[in-house]
Amino acid sequence: MAKYYIFITGGVVSSLGKGITAASLGSVLESRNLKVTLMKLDPYINVNPGTISPIQHGEVFVTEDGAETDLDLGHYERFIKTKMSKKNSFTSGKIYSEVLKNERKGFYLGSTIQVIPHITNEIKKCIINAGKGFDILLVEIGGTVGDIESLPFLESIRQMSIEIGKNKILYIHLTLVPYLKISKEVKTKPTQHSVKELLSIGIQPDILICRSEKNVSKYEKSKIALFCNVPKQAVFSLKNTNSIYKIPILIKKQGLDSYVCDRFCIKRPEADLSKWKEVIYKQKNPLGNVNIGIIGKYTELPDSYRSLISALEHAGLKNRLMINIQLINSKKIESLGISCLKNLHAILIPGGFGYRGVEGKIIAAKYSREKKIPYFGICLGMQVALIEFARNVTGLSEANSTEFINNCKHPVIAKISEWNKSINYLNKSNISSNNYSTMRLGNQKCHLTKGSLAFKIYNNSIILERHRHRYEVNNIFIEKIKFSGLSVSGWAYYDNHKLVEIIEYSNHPWFVGSQFHPEFNSTPRNSHPLFISFVKAAFDFKNKNI
């Protein structure tokens, strides 16, 4: 188990930024030479977010070991050095599924299965496993205190203070302190009621973090401390900011990390946040800007592409450029045409599932190829680029994916089983199963072709990148497409078989498609080489076409 546990709950409203707050505090504690990890506990009944609509829930973040998790795990990886895994993300559905599986196997010896103790014991077991080998485990409890779904998780963390010891447990409650513009004052009553709700469950928060449009004054902090039964010095303020990367600095400035260390009697050097200060400086002082269009079908909710947007921002920091991101719905392109793509310096088509909006993406890929606008296709974005090329350059006029048309004449994209019948091959491809189909998930090796653009960008012959897809480029059509000018610069090998990982078009300044998701490996302090190169190509295109 971890030496110490910090549990972070949220009150008043949802979407207060518990994940970013937890990740930021973790980053500052990590800078004090502590070994830190994080964990997300989600109250919803889905086993994982893999089948939830991105419009409802945001993106699915994929870990190295292939877990489909909440987008907050992406924030965790972007703020701390520790990589997340399947043990860092649990939902009510996953917990209940494990308990029911154990019951069927007879593990409970005929006991009546109940929320207490069976569900709560399983939750505690998962928390302890996630913290093994670390100094501090920060656990974010999803949802809002008062929600019926989160009660088993709150009961579990209450029990842990008794079983492990209060000196090793810290409860942080993140709450909203609304600012009323009419009266020009902040209101503390919602926070008082939220803490009262937490107390009714048996949890006394040790620290309160107040989210507000304005800084919470000393008087207001004293009032909150008095009525919420916490010391004045344990009430902290986090006002709205224009950059999430300022949060570690704000936390350090207010001494939250020092308060945590003092509470746990930890003696460590002061945090060195010079890297974060460098990030903020570059963000505030760009030397130029570029317009990049993300062509997708979940554009109503930017969080559907959270890691992607972040990766572009990270590459902007590296290139000292401000990235003006335009989220363009591909259905709009189908109805209005390429007029939606004017004034873009680069086009990026991300991953996705289903036929809706695909033809709009194909139009965008064609426009990018013909106008020599830098193009980056990720997962489905690579596949639509290949479909477009096969149709309009190779001459396979009915090229398509069997995901969209089962019996298409030229299935240039298909499931492996549709063009390779080797059962052993499927078993060796590190394909994980769910209730719906098979997918390649998590880290996979990719071998790069020497002399290719991809090889130059990575400066390596073998790379590891994360995948989340079930359809592949159909090898039957590869030679014909390559003969037309599209090259394959990255391959995944399984026994004597291989799968396309990266495509390039040499008759173009920058035209790259990757079957994997490089955005999951980008951080503000270490941006991904593919995105760095892509953003630079966008700036070069802008300067060339002034």
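Just so you know, glycine gets a Cβ as well, placed from its N, Cα and C.
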| task | Please state which member of Lys105, Lys223, Lys232 Swiss-Prot lists alongside Ser14, Asp147, Ile148, Glu149, Lys187, Thr188, Lys189, Pro190, Thr191, Gln192 for binding CTP. | result | Lys223
| Same-site residue for L-glutamine (record: Swiss-Prot; known: Leu380, Gly381, Met382, Gln383, Glu403, Arg470; options: Gly296, Gly316, Gly337, Gly352) | Gly352
| message | Looking at ATP binding as recorded in Swiss-Prot, which candidate out of Asp42, Asp65, Asp70, Asp72 goes with Ser15, Leu16, Gly17, Lys18, Gly19, Ile20? | response | Asp72
| note | Across the binding-site residues (Lys187, Lys223, Arg470), the Cβ with the fewest other Cβ atoms inside 10 Å is that of Lys187
| query | Taking the binding-site residues one at a time (Gly17, Gly19, Pro190, Gly352, Gly381), which has its Cβ surrounded by the most other Cβ atoms within 10 Å? | reply | Gly381
| Neighbour-count leader, CB within 10 A, binding-site residues: Leu16, Ile148 | Leu16
| said: Using a 10 Å cut-off on Cβ-Cβ distances across all protein chains shown, tell me which of the binding-site residues (Ile20, Leu380) has the largest neighbour count. | reply: Leu380
| said: Using the alpha carbons only, what distance in Å do you get between Glu519 (active site) and Arg470 (L-glutamine binding site) once rounded? | reply: 19
| field | Largest tally of Cβ atoms lying within 10 Å of a Cβ, found at which of the binding-site residues Lys18, Lys189 | value | Lys18
| task | Look at the binding-site residues Thr188, Thr191, Gln383 and tell me which residue has the greatest number of other C-beta atoms within 10 angstroms of its C-beta. | result | Gln383
| request: Can you tell which of Cys379, Met382 has the least company, meaning the fewest other C-beta atoms within 10 angstroms of its C-beta, among these recorded positions? | output: Cys379
